[in-house]
Amino acid sequence: MIFSSFARIGRSVAQQSLGFNGVSVSRSLMRMSTMVKPPKTVAVTGAAGAIGYALTMRIASGEMLGKDQPVILKLIETEQGMKPLTGVIMELQDCAFPLLHGIVGTKELDEGFGDADVCVLVGARPRTKGMERKDLMEANAQIFETQGKAINSAARKETAVLVVGNPANTNALVLSANAPNLASSQIMAMTRLDQNRAMAQVAEKTGALVSDVEKVIIWGNHSSTQYPDLHHATVKGADALTTINDPSWVTDTFIPRVQKRGAEIIGARGASSAASAASSAIDNVRDYFLGSGDKWQSIAMCSKGEYGSTPGLWYSMPYICKGNGEVQLVEGLSINDFSEQRMQATNAELIEERDAVKHLLP
């Protein structure tokens, strides 16, 4: 059953060219692992895309859920994406990951999300030439409306959902509204990529290691209005702004560079971020399940009005990940006028996005 989707993908490619049937592969992979933990099922949408390709290999290697945690991958694609997905599955098989206990490739959402412990939603419609932003938002909101309903009916009731596909924050809002069986706290939108970008910029500026940089915050939306905040950050335990000692760099270089890093990468390589986005998704889910000590992690989750945000929006704030899906908001931070202005600007954009798709909110 684990490999039953090969029939849907195409017997000629998935079985004939590899010379074995799916069931025997599943059994051989299970024999390769002596782990005693039962496997966790991870569903990934857009699995044949650049991000999905990078992501699935790392999930299968144990980087997301732990080196002792077997996984079953359920890879979801569109009709057009099924052929390249076959190739991704071939490569996953050929890697012979000991922790990979099964693979399903499908275009059917109920099958793909069935019994999923984790759902990583990468697939989203890209913006094409001449497309208005509101049209893109409408198209993607409809996708996440459908996915929310499928997750609600098919996934495990305690499943964790990470939305990567843009506009991630508002996609998460739409999905949550259409998945009433899930608590809003189970649904995250990814701003870890923005945090990682910000930490890398600070490390480069100060000559430190990225691991020396802590307590960088991304507030608000995963967009060019996001606010990367260094007022509470440290470098080797010292105040980051004091260490940097260059206010104009912070306002004129650091903030806009982090806000527009995605566009900068597209301009340089002719394609959007893929490896870094996949790596950040790994970081987010790993910390959510395994914990990250006392380190702060930026995650967009459903706001209850903290720090002046509008309740019900998926607004990025700093959290401490306790592990096993428990996160704790970092509370009591002082917010100056400089930060307040930027935090409200990104909040206003999220309100606009919500209002643009409110007809899809039950």
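Don't overthink the numbers, they just go from 1 along the chain as shown.
Positions of Cβ are set from backbone N, Cα and C atoms, glycine also.
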Looking at TrEMBL, Gly46, Ala47, Ala48, Gly49, Ala50, Ile51, Gly52, Val164, Gly165, Asn166 are annotated for NAD(+). Which of Asn140, Asn178, Asn181 sits in that same site?
Asn140
Figure out which of Arg133, Arg156 sits with Arg127, Asn166, Arg197 in the substrate site per TrEMBL.
Arg133
Mean pLDDT across the domain 'Lactate/malate dehydrogenase C-terminal' (191-359), rounded to an integer, is what?
98
Other CB atoms within 10 A, centred on Asn166 (NAD(+) binding site):
21
Where Arg133 (substrate binding site) and Gly52 (NAD(+) binding site) are concerned, what is their Cα separation in Å, rounded?
24
Cβ-based isolation winner (fewest other Cβ atoms within 10 Å) among the binding-site residues Ala48, Ala50:
Ala50
Take the C-alpha atoms of Val164 (NAD(+) binding site) and Arg197 (substrate binding site) and report the distance between them in angstrom, rounded.
16
Spatially closest candidate among Gly46, Ala50, Gly52, Asn166, His222, the listed recorded positions, to Arg127 (substrate binding site) (Cα to Cα):
Asn166
Proximal but sequence-remote residues of the same chain as Arg197 (substrate binding site) (Cβ under 8 Å, at least 6 apart):
Pro228, Val258, Arg261, Ser276
